[in-house]
Structures are given as structure tokens and as C-alpha cells.
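Single-structure report; data block below.
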Amino acid sequence: MKKKYNETIICFNIITIFPEMFYAITNYGIIGQAIKKKIININFFNPRNFSKNKYKSVDDRPYGGGPGMLMSFEPLYLAIQQAKSTSKNVTVIYLSPQGKELKQNHIEELLVKKKKIVFICGRYEGIDQRIIDNQVDEEWSIGSYILTGGELAAMVMIDAISRLIPGVIKTKKSIEEDSFTNDLLDYPNYTRPKIIKNMSVPQVLLSGNHNEIRLWRLKQSLGTTWIKRPDLIKKKY
């Protein structure tokens, strides 16, 4: 008997001037299916809808000069207030290169502690500092590089958090054996055929001996991690 999910487990409210960018995850794949099942809920709040000038602009020149434009305080503030008003105990997250760099253990902590998240997706040269100082609870970065906006970073976080929610991914074991779950990279995986272009699947995987397979996979994970991400080994041991 299939389990039914009668209430949303987590809600994401997204502040963005480009909500259409999110159709890639809301309409397709595992996240799209989770939305249809009502396991997760995603809403959008466009700052342009809160702009009070006839051009619906949401940016302005920075005080003190400098290149580019900043997202203005008022449209962002009003969008955040509406996003927060939809539920209680909301956490407001700003996606920024200045934020704490996101790791798998942070994703797990966010899922446990935060059930209602507002993501602020910046654009241009960033947002008015007063929003960060007075409206943002946490700043997160997905890596030490610059994107044109926070939308892709928000999608990364939504995907990473959502896939840990019961019912989003059918096979629990797939999550338990993912890369980084135990601070190790994944082991090599193979599918049919057994031999292609003179390349064979390792014999141990065809043996049916589950203990030997488990040991082989552990050795491969350790070896791959040591070669490609030795920092993970040093952190753990």
C-alpha cells in the first residue's frame, strides 16, 4: 500500500525577478513530482510587483559610486514581508558569495531545523545592505565563484534539501549511499552490458557475494576520495 502525504513537509518561498527560471525544477524531474504529490511547496514573490514606480524597476545606483546597480530596499522588503506572512517560524536565507559555504551536513541540518524557508535571489551587483542586516537570518554560498544571480544557487539548495525528504526519492538506500553522506565520494557504478568495447564490469560485482561487494565498494570509495578529495579524508581522520 502506497503511503499518502496529506500535508506539505517543507515550503520554499522564493524572492526573484525571474520566477520562470525555476520551471526547470518545478515542472520536471524528482522535484516536479514531489510538488505534484504535495510533499513540498514552492511559491514565488517578484519584487517588481512591489515596485512603486511606473517602470517597475527594482534597482538603483549605489551610494559612493561604483560599477553596476543594486537591488533597492523597498521592493525587496515588501516582497520578503509578504513571503514571510504566509506562515510562522520562517527562515530567510540570502544566497551570496559572502555566505557560509554549503556542505552536505549543512543540508541535513537545514532539513531538520527549517521547514519554511524564504530564499532571496539577488541580481546586479547585489542587494541593499540594510536588507541583509535587518531581514536575513542566514547567508549561504554554494561555492567560491560568482553567478549572475541567486536563482541557480536557490535551485541547488532546494534540490539538495528536497531529495532528503521521505517520499521524494523512492529508494532510501540511494540517499544513504550517496557521495558525501559518510564524508566519502561514491564508488564506481556499472550497468549492462557486462562487456562493451573490450571493457568489463569488475568480476566482484557479478559474484553475488554481498559482503565482498560491500567491501570492494568501500575500498573504491576510500581510494577515490583519497585521490580526488583528500581534504575529506583529513577532515574525518
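From the backbone N, Cα and C atoms, a Cβ is placed for every residue, glycine too.
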Further binder of S-adenosyl-L-methionine named by Swiss-Prot next to Ile142, Gly143, Ser144, Tyr145, Ile146, Leu147, taken from the candidates Gly122, Gly208: Gly122
Cβ contacts of Tyr145 (S-adenosyl-L-methionine binding site) (under 8 Å, same chain, 6 or more positions away): Pro97
